[in-house]
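What follows is a single structure, written as structure tokens, with notes after it.
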Amino acid sequence: MTFDNIKDIQKNISLASYTTFKIGGTAKYFYLAKNTKDLIKIIEATKQEKIPFFVLGGGSNILVKDQGFDGLAIKIQSSKFKIQNCNSKFKIICDSGTLLGKLVQETSKKGIGGLEWFIGIPGTIGGAVYGNAGWPKDKKNIGDFVKNVTILKNGAQFTISNLKCQFGYRDSIFKHNNNVILSVELQLPKGDSLEIKKRMREILLTRITNTSQGNSAGCIFKNIKLGTLNKKLFEKYPKLKNVVKNNFISAGYLIDQCGLKGKKIGKAIVSEKHANFIINTGQAKAEDVVMLISLIKQKVRDKFNVQLQEEIQYIGF
């Protein structure tokens, strides 16, 4: 099927409203995939005609260029999932567009543990797997619970194991190829529903207390692995030893130590509450954010000789 024969393709749609940053220009083409069949159909059509595309999840962790995206943005609406009780564990098969909030609520009701830390995250399971989303305080990552992933590769569907997903810190094989996640099979432990809900309330309170409210993409930078740092850095800054958690140093801490909380370029500002967040204070441009990111990286590099790496994905750049 050719691209032109597919119905319901929209043109020149603003992407800002589809992102948590509320920033960005228009997509040349836009398509709402209501189910997996729609998703496969549209992707194959774009590949045949060599039209660039990207798949929108919940809209977090991305920054769209002010000039927009010269291709097709695909928003997945399919969010079906089924839960199977398998002795001491549960098997959950989810469409990639399944909302994390919905998944957390339904699993917690049934006394299924493992996903408590997703509470309050505006994303999809496909996006979470793509970036191996996690909760550092509990050393939990979505990759820990993935049994396999069904993907679209060169027009055919394949199911690959957890090992082949190559999960790493905020990373997976899907960031390094053009394969599209269609569905995910999770394996989750049984738990106590009351304890799970209690933990969810604690995590949600932590998010509200420690992270910034407002339009943001979430954490801008990855935290820094302890093993990548020069030992001389700890001799120069002894206090760094006190902020090491689970073999990582918070990027937000380094940014804060550079005195960048409250730093503003245009309508984009480094959060006063959590320095690893950039807030759109209203009508911010992607260029404002890019310049602020560049400044942060420069200041941290100059002070600590540490090269920060972005956690967000750039669209259209």
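In case you wondered, yes, glycine gets a Cβ from its N, Cα and C as well.
TrEMBL annotations: computationally assigned, not manually curated.
Summarising the annotation, TrEMBL assigns domain 'FAD-binding PCMH-type' to 22-191. Look at TrEMBL and you will find Arg170, Glu311 tagged as active site. Under the heading active site, proton donor, TrEMBL lists Cys219.
The Cβ of Glu311 (active site) has 20 other Cβ atoms within 10 Å, all protein chains considered. In this structure the C-alpha atoms belonging to the residue listed as 'active site, proton donor' and Glu311 (active site) are separated by 7 Å.
Confidence for the domain 'FAD-binding PCMH-type' (22-191), expressed as mean pLDDT, is 92.
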